[in-house]
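Remarks on the structure that follows.
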Amino acid sequence: MELRTKTLNIQPPKKPFSNTYQAFVLEKKNALGKNFDNKKVQADYNKLSNNEKERLQKLVDNAEEKYKEELFHYNNHIQGKGKQKYVPQVKVPEKPKKPIGSFFRFLEENRQKYAAKHKDLTNAKILKIMSEDFNNLPQKEVKVYEDAYQKEYAQYLVEFKKWNEKYGQAAQKKQTKRKNSTSKSRRSSSKGKSSVSKGRTKSTSSKRRADSSASQGRSQSSSSNRRKASSSKDQKGTRSSSRKASNSKGRKNSTSNKRNSSSSSKRSSSSKNKKSSSSKNKKSSSSKGRKSSSSRGRKASSSKNRKSSKSKDRKSSSSKGRKSSSSSKSNKRKASSSRGRKSSSSKGRKSSKSQERKNSHADTSKQMEDEGQKRRQSSSSAKRDESSKKSRRNSMKEARTKKANNKSASKASKSGSKSKGKSASKSKGKSSSKGKNSKSRSASKPKSNAAQNSNNTHQTADSSENASSTTQTRTRGRQREQKDMVNEKSNSKSSSKGKKNSKSNTRSKSKSKSASKSRKNASKSKKDTTNHGRQTRSKSRSESKSKSEAPNKNSNKMEVIEQPKEESSDRKRRESRSQSAKKTSDKKSKNRSDSKKMTAEDPKKNNAEDSKGKKKSKEGKTGAYGKKANKKQ
């Protein structure tokens, strides 16, 4: 419902009753009126028969169909989105479809049969076979399919007419809306990228226009004020000029009237009455002249003022037009200059701000870099201090371990020499009980003392070898500790907690390593002492047995042992001491050869004596060979 100017405010249709009970209640309300009771109506509804309920159901269905048609008509004619918010939109039903042709009917009926016959073939080949069979069918069978098609087609036409009458226009509108929406979406997608770039330029241009409009408004207001002031001045000037012109003309007219009056008075007056006539004429002429001049001056001044005002108005209008045009041009020039100045000033401000921001960013970045360098330097100096402290600690620990190893080696050598002397005294005391073997062993006794002296020299050499081996193990331990330190530094960068744990672990590792090294060195020194004691005993026995057979074998065996290379002065001292010890041992052996005899002892006793000697060496008893070994190390 549309008019020339406005649309009618059509209200949406109301929903009808949706149940049979509601339809029954409406009928009773219309019939009973004021005497309506809910309880009685409910009882009557429960007593209704099936036929009456079917009648009410038909009423409900018809009411729903009418409501849908009215609502659809309302939605097609209404305008404005605000009203469509509370109105539910009715969906347009689909078009009625055309029926299937005769060939497709034949396919629907016989497709399964052909598929069961030809299982190995594809669908395309099966369709070819069916089309050939359909073309070969007789006309009677083909007419059956065509008649069914024509009946359904007649029904289709009737349904399509009904649908087109109700929903044809709405369906066309929806199709056009969909097409427009798709085209708009494509255009928006294509222009989306350009709109982003144009939006920025539009925003800047709109700002410039606003600035120019503000400046133009100010200039127009100032020009209008100037025009008002100039018009008021022109009006005042015209009034003052008209007054001046009237005054000057009045004076001229008065002078001419005086002359005329004087000449006329001379002609008319006689000689007798010259004085009286002249005085009277003067007074009358002056009064008349004044009156006539004032009246004439006023008329002339009014007419002239009108003409002058018109001419001045024309001139002023033309001058105003010229001024307005010039002022408009000047305003435009001023606006353009103000725009240029503003744009240049805004650009300069923006550029200055951007430069200030860049400078501030550069300053902050420099400050951050300086702080980072300071932190790095402080961290590197701290790491260097820590590494120097650790190296000092490790050197102190190594010196302590060296001292402990030297002490343990010296004690072991001294305990070995004393244990040998005690074992020899015990063996001599037992030699008196044994008879036959004493003579043979007494003969080999002086050489056993020499062998002991030679073994003592070998002990010193072995102790020096142990010292060299300990130095090698220490260097390896240092290398391992350095590797551990490097690994700890790399791990310390990962986390502060890892640093603390790594430091504690390195300290515990260094302590455990130093303790384990000291233990190993002590155990090595103990083993060396026991091995030397066993070797001396075995060598003394072998010498006593092989004295008669090969006296030079022992000397060859002794020469096989490699001694460490030392200085010539140390060698001479050792040789002199060994020779003096041999001489003393030979003298003692000659004096005691008859009384003292060596006896064979079990290995278990020897081991027990060795253990006693080790204990005494730990207690701190030192000998000559032990002091010498410590000096060399």
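Glycine too: its Cβ is placed from the backbone N, Cα and C atoms.
If you check Swiss-Prot, you get these features:
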type: DNA_BIND; residues: 12-74; note: DNA-binding region
type: DNA_BIND; residues: 96-164; note: DNA-binding region
type: COMPBIAS; residues: 212-224; note: compositional bias 'Low complexity'
type: COMPBIAS; residues: 272-309; note: compositional bias 'Basic residues'
type: COMPBIAS; residues: 330-352; note: compositional bias 'Basic residues'
type: COMPBIAS; residues: 353-374; note: compositional bias 'Basic and acidic residues'
type: COMPBIAS; residues: 382-401; note: compositional bias 'Basic and acidic residues'
type: COMPBIAS; residues: 406-416; note: compositional bias 'Low complexity'
type: COMPBIAS; residues: 417-444; note: compositional bias 'Basic residues'
type: COMPBIAS; residues: 446-469; note: compositional bias 'Polar residues'
type: COMPBIAS; residues: 478-491; note: compositional bias 'Basic and acidic residues'
type: COMPBIAS; residues: 496-524; note: compositional bias 'Basic residues'
type: COMPBIAS; residues: 540-550; note: compositional bias 'Basic and acidic residues'
type: COMPBIAS; residues: 559-612; note: compositional bias 'Basic and acidic residues'
type: REGION; residues: 170-633; note: region 'Disordered'
Mean of the pLDDT scores, which run from 0 to 100, over the DNA-binding region (12-74): 84
Counts by DSSP class (helix H/G/I, strand E/B, coil) across the compositional bias 'Low complexity' (406-416): 11 helix, 0 strand, 0 coil
Summary of DSSP states over the compositional bias 'Basic and acidic residues' (353-374), given as helix, strand and coil counts: 22 helix, 0 strand, 0 coil
